[in-house]
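Participant: Pasting a structure here, questions to come.
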Amino acid sequence: MDQALVGMCVNERRFVKIPPKLAYGSEGVPGVIPPNAVLHFDVLLIDLWNLEDEVQVQTYFRPEKCPRTVQVSDFVRYHYNGTFLDGTLFDSSHNRMRTYDTYVGIGWLIPGMDQGLLGMCVGEKRIITIPPFLAYGEDGDGKEIPGQASLVFDVVLLDLHNPKDGIAIENQLVPESCERRSQTGDFLRYHYNGTLLDGTLFDSSYSRNRTYDTYVGKGYVIAGMDEGLLGVCTGEKRRIIIPPHLGYGEEGRGKIPGSAVLVFDIHVVDFHNPSDSVSITVHYKPSNCTVLSKKGDYLKYHYNASLLDGTLLDSTHSLGKTYNIVLGSGQVVLGMDMGLQDMCVGERRTVVIPPHLGYGEDGVEGEVPGSAVLVFDIELLELVSGLPEGYMFVWNGEVSPNLFEEIDQNHDGEVILEEFSEYIQTQVDTGKGKLAPGFDFEKIVKNMFTNQDRDGNGKVTAEEFKLKDQEAKEEHDEL
């Protein structure tokens with residue numbers, strides 16, 4: 001038998017015939033083998049090892065990019081099939097649908113596996129063959145693995161990190177112009193794809209067609225993302241690799257397994273700080289720029305409105321008509337009211353409006369995203385000076401001492417709305433008076449009349465009628 005087994009391979013089957021002189025000779029084995037017996041053996045070799053054997057590693061797939069390999073004290077997540085040398089399966093993480101997660105090189109594994117995993121890349125596949133004295137030895141594991149068994153592990157490495165790791169940042173695109181970088185307390189809107197180290201996608205803002213919006217550096221997101229989003233520019237693309245102790249830890253969450261390294265490919269759409277005000281950049285100012293816009297002025301202007309990433313939201317040019325407002329009257333968002341101040345006709349400027357001075361957290365459904373920074377490129381085309389604050393109508397000359405009598409055309413001692421409206425229209429048409437520009441004539445005159453009609457009976461008497469400077473600190477917009 002000593003001769004017959006030499007040269008056999010595992011899983012080889014031999015029929016061995018042994019003459020008596022190479023077996024038990026003329027004595028035999030009492031009660032079992034008679035003297036001078038020829039012995040016949042049907043042999044199947046199941047396992048084979050030598051005391052000089054070491055762990056054998058055969059890599060059959062290795063990724064082109066391998067920025068890091070397994071070192072002593074690293075924590076790894078891997079799948080495996082465990083078989084004996086003859087191919088019999090004794091264990092499989094795939095069957096359990098859960099990776100095997102452990103530290104490497106510090107005695108948490110059998111010695112042969114501790115050695116066999118060293119130097120692996122994420123995504124690498126290798127066969128690790130371990131002799132029994134580097135596995136479970138003479139006793140086996142007391143369950144599936146018998147004593148003196150060589151073990152074969154078919155391993156694919158899915159994840160790798162070290163407890164001392166911080167986040168890793170790989171810049172993919174940094175805009176040439178970067179006037180400002182994000183800081184603690186800023187509010188960011190960004191898109192992302194979130195994957196595991198092996199490329200498995202677990203989440204994507206793109207699939208929801210909505211940015212992820214959050215404060216940074218204040219604990220609103222996992223610690224690794226809080227750190228990785230600092231120092232970015234609007235429009236920047238970067239990859240943030242986050243070890244589990246700065247991600248979702250040993251427990252994981254949802255589609256994220258425990259102890260998983262996370263990879264976020266992010267694209268920063270915009271950011272602002274709640275303390276930000278409107279930013280104004282003047283591109284052109286006429287040489288004659290003495291009349292500047294102020295509250296109450298009636299303005300006509302063209303604009304292009306976009307997001308910080310350049311996405312066009314709206315344009316008066318495409319509509320073929322100007323946008324017309326009374327400055328400071330609440331007809332536009334507060335940031336635009338601020339951005340149109342102190343402009344002269346012909347001036348062109350860019351106004352950047354943070355969301356708290358724009359459309360806020362809600363935005364405008366289907367038009368402006370929530371928490372979006374807005375960019376308006378503006379050209380002021382016309383300016384009609386408004387009236388002093390609190391006035392709806394002013395006289396261009398001296399006020400008649402018999403004003404009430406002039407308005408009261410039928411001299412019945414009472415002025416009705418029709419008389420009042422006709423009189424104001426005449427003063428405007430003849431240039432003797434001026435209404436606040438930009439408002440509907442009927443509405444403004446009715447408002448003026450209502451303010452004079454103090455008892456609300458639809459008629460104004462001489463006792464009710466007062467000019468603005470005759471008011472006793474009453475809050476009325478008067479003549």
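Positions of Cβ are set from backbone N, Cα and C atoms, glycine also.
For 1-49, 73-161, 185-272, 296-384, the entry in TrEMBL reads domain 'PPIase FKBP-type'. As annotated by TrEMBL, domain 'EF-hand' applies to 395-430, 440-475. For 452-479, the entry in TrEMBL reads region 'Disordered'.
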Participant: Do any residues, 6 or more residues outside the domain 'EF-hand' (395-430), come within under 8 Å Cβ-to-Cβ of it, and if so which ones?
Facilitator: 441-442, 445-446, 448-449, 452, 458-462, 465, 467, 479
Participant: With the domain 'PPIase FKBP-type' (73-161) as the reference, find which of 1-49, 185-272, 296-384 contributes the most Cβ pairs under 8 Å.
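Facilitator: Ranked by Cβ pairs under 8 Å, first place goes to 185-272.
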Participant: Restricting attention to the domain 'PPIase FKBP-type' (1-49), give the mean pLDDT.
Facilitator: 96
